[in-house]
């Protein structure tokens, strides 16, 4: 085992990277509330893992979506547990994200020179809410259907561009298969990719600038 480690160490200098990570200075004012962002990140990882597991059985069609969710809950081994963890972790992620935003705002973590970190965090907050909106529709039950119909109908009040924007979201005039396909694509590919990119940028900026000082 040591030979394998030495092989990687010689080429990648793993030890120096580990030393840099573990020796990072942590200010004395940091408390448990500074862990809220990390908890949100953990919830995101749980969402990715459980969501990926469900994609093996979920069918994004208006005719089969609801039945496939029922199949996951009743027939797939531990499917009920995986979907329940996905749902609970989603609620926890939203809650921790909100608390994290409040903590950063109340402690002034958005001020110079951390404006970019704050902006990337706000974008991720929007992505998190969008996860909830798109994921809510995927079972394609009565609640999901009418939620999509209401949410996608909101932009219609915008002058000039409202109508085309609604059609873009729905994939047509009414809510149907094209809408479900769009929401499934957003929920399983577009939003996770955007969130991962902005998370990486967020962490790199925190790493570079350090944790903000006390008020």
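Each Cβ is built from the backbone N, Cα and C atoms, and glycine gets one as well.
Per Swiss-Prot, heme c binding site is recorded for 35. What Swiss-Prot records for 86, 187 is heme b 2 binding site, and it gives sequence analysis as the kind of evidence. Marked as heme b 1 binding site by Swiss-Prot on the basis of sequence analysis: 100, 202. Under the heading transmembrane segment, Swiss-Prot lists 32-52, 90-110, 116-136, 186-206, citing sequence analysis as support.
A map of Swiss-Prot features onto the structure.
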residue : record                : Cβ within 10 Å
35      : heme c binding site   : 14
86      : heme b 2 binding site : 18
100     : heme b 1 binding site : 23
187     : heme b 2 binding site : 21
202     : heme b 1 binding site : 21
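Between the CA atoms of residue 202 (heme b 1 binding site) and residue 187 (heme b 2 binding site) there is a gap of 21 Å, rounded to the nearest whole number. It is 186-206 that, among the stretches 32-52, 90-110, 186-206, forms the most Cβ pairs under 8 Å with the transmembrane segment (116-136). Nearest neighbour of the residue listed as 'heme c binding site' by Cα distance, taken over the binding-site residues 86, 100, 187: 100.
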